[in-house]
Amino acid sequence: MPELKVEVIPEGTVIDHIPAGKWLKVIEILGLTKPNGGTLLIASNVPSKKLGRKDIVKVEGRYLSEEEVNKIALIAPDATVNIVRDYKIVEKFKVSIPDEIVGILTCPNPNCVSNHEYVRPRFKVESREPLKLRCHYCERTIEGEEIIGNL
């Protein structure tokens, strides 16, 4: 397999093993599409032994919050996050979907109390493969692209 050459970042976060074509959604949910979003390096549709094809996002000078990592897990459940300091990976971990997701998604049910009252949307994970979530308030289930569309 040919060597992948992507510039090394001095400080920041590398998100690897994103399914091919999902990099744009990742940078949108992280707010990196704005002019002051930070320096990005993106490798799209690159060969991967694990996924066949994958995307990689490098964010210079920025580290992710737990909520941001949880959002990434909903889009790319097999993603790996690398924390880089002084050009070296100092921490590496796989994202994981928490058992309960609070305040990240909106419920697609227009009649759900979470869309009308001051309560944080809350979802329980019913299954991880395929990913299926159930709203705590109205019991509506969502899965697949509907989850991504409600981030």
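Placement of Cβ uses the backbone N, Cα and C atoms for every residue, glycine included.
Under the heading Zn(2+) binding site, Swiss-Prot lists Cys107, Cys112, Cys135, Cys138, citing sequence analysis as support. Under a cutoff of 8 A between CB atoms, and with a sequence separation of 6+ in the same chain, the neighbours of Cys112 (Zn(2+) binding site) are Pro121, Cys135, Tyr137, Cys138, Arg140. DSSP classifies Cys112 (Zn(2+) binding site) as coil under the three-state reduction.
Neighbouring residues of the recorded Zn(2+) site, listed in sequence order and excluding Cys107, Cys112, Cys135, Cys138, comprise Pro108, Asn109, Asn111, Val113, Ser114, Asn115, Pro121, His136, Tyr137, Glu139, Arg140 (Cβ within 8 Å of the Cβ centroid).
For Cys107 (Zn(2+) binding site), applying a Cβ distance below 8 Å and a minimum sequence separation of six or more within one chain yields Ser114, Asn115, Pro121, Phe123, Cys135, Tyr137, Cys138, Arg140, Ile142, Asn150. Around Cys138 (Zn(2+) binding site), taking its Cβ as the centre, 15 other Cβ atoms fall within 10 Å, counting all chains.
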